[in-house]
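J.: Here it is, the structure in full.
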Amino acid sequence: MTLAVFFGCAFIAFGPAFALFVFTVAKDPLRVIILIAGAFFWLLSLLLSSLVWFIAIKASNSQDLTLQRGLLIFGVFFSVLLQEVFRFAYYRLLRKATEGLAAISDDDGSAISVRQMAYGKLCLCSAENSLVLLGFMLHSGSLDGRFDQMSLCVSCAVAGLGFGIMSGAFSMINILSDSLGPGTVGIFGDSQYYFIITALMTLALTLLHTFWGVLFFEGCEKSRWWVIAAVVSLHLLVAGLSLLNPLYEGSLPPVYGITLLMGVWAFFSSGGSLHSLNALCTRRKAEGESS
Amino acid sequence: MNTSDSEEDSYNERSALVQCESPTIPSYNQDHDMSLPQETDTKRRRPVSSGLDEPGPVERERASTPDGEEEELTLKYGAKHVIMLFIPVTLCMVVVVATIKSVSFYTEKTSQRLIYTPFEEDPNSVGQRLLNSLLNTMVMISVIVVMTIILVVLYKYRCYKFIHGWLILSSLMLLFWFSFMYLGEVFKTYNVAMDYPTLVMIIWNFGVVGMICIHWKGPLRLQQAYLIVISALMALIFIKYLPEWSAWVILGAISIYDLIAVLCPKGPLRMLVETAQERNEPIFPALIYSSAMVWMVGMADSSNPDSADERQRNEGGALAQEGVESEDDATQGGRRRYSAEEDLEEDRGVKLGLGDFIFYSVLVGKAATTGGDWNTTLACFVAILIGLCLTLLLLAIFKKALPALPISITFGLVFYFSTDNLVRPFMDSLAAHQYYI
């Protein structure tokens, strides 16, 4: 039973993320780096928010359980806000790197001499030049080597996926290793569905982070601040819904509803349309008929 | 267990990948300037390069000019090379973590210690423990410094055979003795009955093929696999035999040493590299992981057989002189090949010293040893990869030999301690209530 639960929950929680990784990220080294850097930024945000929570815990009375619970809830919301701040920071980093690249590539095309850059610029050690070089380095490994709108959009999806994977891994991995056993779920009266609900929530959050990544970056690009506010407030809403948690009916369906909504919004926001969906289906049908 | 001196070198070298175009650029390798048999991959991979260096990040244009007179170095090195290093580093860490989590031998604490860490850590007194770990670190670092200096001296006085022998002895020990121990422990863990004749045959084959691949010729992937395996074995030995606190302090001290040794003008590694430059010889240790792609396939088609033969003859060759000459022949073939296949993969990869693999894996392995918490391990893993990425970025900026340990180990240590002490209680409380952030 334990091995079945382990594999079941692992596939539920990480299956779609893994599929996304294999089909979109793994073939381009640039995207792998963006993914890992996204995971790193999420980790940094978690670190800072845990630091704040830890200080609050240590400064308070450890016997008072309601206070501890209150501090944990505060920790949850603070962490959500900090994650969004770091998402913004990552957006700025990616943007600066690719902007610098685009500025240089205009003259020379995609092959750039490092020495030209070195001698032309003032100081190679400045952070800005490092970012330019980072951008060049990253993009020279990419498939088409040029920066364009499409690649920024893909980068934001990949960044969101990085956030999602790391968030999911941190929530799920310890629980997965515990689910290998031995043990009995709910022996003290807790819910029996602990593992599967955790897996489902992790899946939802991974997908949500990906969609939020796309929306957030689009919002920043086009300076639509209401999109950013919507993303942040929806993240807070999802975290708040999870606070209802032993009452799974109250948390899981709304979260999945929000996930679907975000998915549709991200799809249309990044340039998809009903027409392209239709074309995809008919082309597939046509190919199926012809073969 | 008292380990012999010969394995000290296996972690004496540090990395640095460099842009290797011009012969004057230092390629960094610490120990072995085995210019001889190890040359095989370098020569095979880069017959067009000047005899000196290790492939660093790429210049395809340079590949076509025999003397490396390229003025404009086009930076084609990028994400691809970062990934070419991510994969082996990840594999090594995965092997180490998988072993640690399943085979309990490597996490059992024994009273045996390496002779390099003679002071015992007393768990009762914090001050005493700290002092002893600092003393252990000083002993270990001084052993490493002494070994490096001996190596530089040997290299300066051209005692190549001695270095060669030392190196062979240390890889013999790793490939036979440590893998025998490892296999024994795995069998014990999974309760597999094994007879000695079968075991002897397995270990013999594994070891001999390893020696051939690493010191002579072999398929690139096989050589890479063996290097990853021996790094993992070495890391496991460290994880087992280094005392708790000493291990952390040693990790920190080694990265500082790496920084000093590679960047300071009088640092031993730098001196080694400069000596090699003066003599225009390649420093090529057996214990460097190279990720270069094999381009022999194209070579066979368009090059003339003579140059291919000559190159191969020189692979076992003695002198760097010959190496340079054969490269001239090979460059003709190289240029032809290059023009024939414009979009072939770069023939230069990046190289990373095995010492780096070992210490990265030690850090992640020790993170995996502490309790049942996987978050710490994961955090250290991501931190090390990002550190490696940043190191490669700096490499692109500064274009000279750089130590690969400091940034990654610093990030790894910071993330280890903070995740273990701060994030773990937070995530545990969240998981207990099923709150999601």
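First residue shown is number 1, and so on along the chain.
Glycine too: its Cβ is placed from the backbone N, Cα and C atoms.
Annotated compositional bias 'Acidic residues' per TrEMBL: B:1-10, in sequence order. Residues or ranges marked as region 'Disordered' in TrEMBL: B:1-71, B:303-342. Per TrEMBL, the feature transmembrane segment maps to B:82-100, B:134-155, B:162-184, B:196-216, B:223-239, B:245-263, B:283-300, B:374-395, B:402-419.
Provide an account of the burial state, proximal residues and distances for the features listed.
T.: Outside the transmembrane segment (B:223-239), and at least 6 residues removed from its termini, the chain residues within Cβ reach (under 8 Å) are 3, 7, 10-11, 41, 88, 91-92, 95-96, 99-100, 106-107, 171, 174-175, 178-179, 182, 209-210, 213-214, 247, 287, 289-291, 354, 357-359, 361-362, 365-366, 369.
Here the transmembrane segment (B:245-263) has Cβ contacts under 8 Å with residues 14, 16, 28, 30, 117, 119, 121, 129-130, 132-134, 136-137, 140-141, 144-145, 148, 238-239, 269-270, 359, 362-363, 366, 401-406, 409-410, 412-413 of the same chain, all six or more residues outside its ends.
Outside the transmembrane segment (B:374-395) by six or more residues, the chain places 16-19, 56-57, 81-82, 85-86, 89-90, 93, 97, 350, 360, 363-364, 367-368, 402, 404, 407-412, 414-416, 419-420, 423-424, 427 with a CB less than 8 A from a CB of the stretch.
Proximity of distant same-chain residues to the transmembrane segment (B:402-419), defined by a Cβ-Cβ separation under 8 Å and at least 6 residues beyond the stretch ends, is recorded for 14-18, 28, 248, 251-252, 254-256, 258-259, 261-263, 352-353, 355-356, 359-360, 363-364, 366-367, 375-376, 379-380, 382-384, 386-388, 390-391, 394-395.
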J.: In the same chain, which residue numbers or ranges, 6 or more beyond the ends of the transmembrane segment (B:82-100), come under 8 angstroms Cβ to Cβ?
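T.: For the transmembrane segment (B:82-100), the far contacts come to 17, 106-107, 182, 186, 224, 227-229, 231-232, 235-236, 239, 289, 291, 349-350, 352, 357, 360-362, 364-365, 368-369, 377, 381, 384-385, 388-389, 392.
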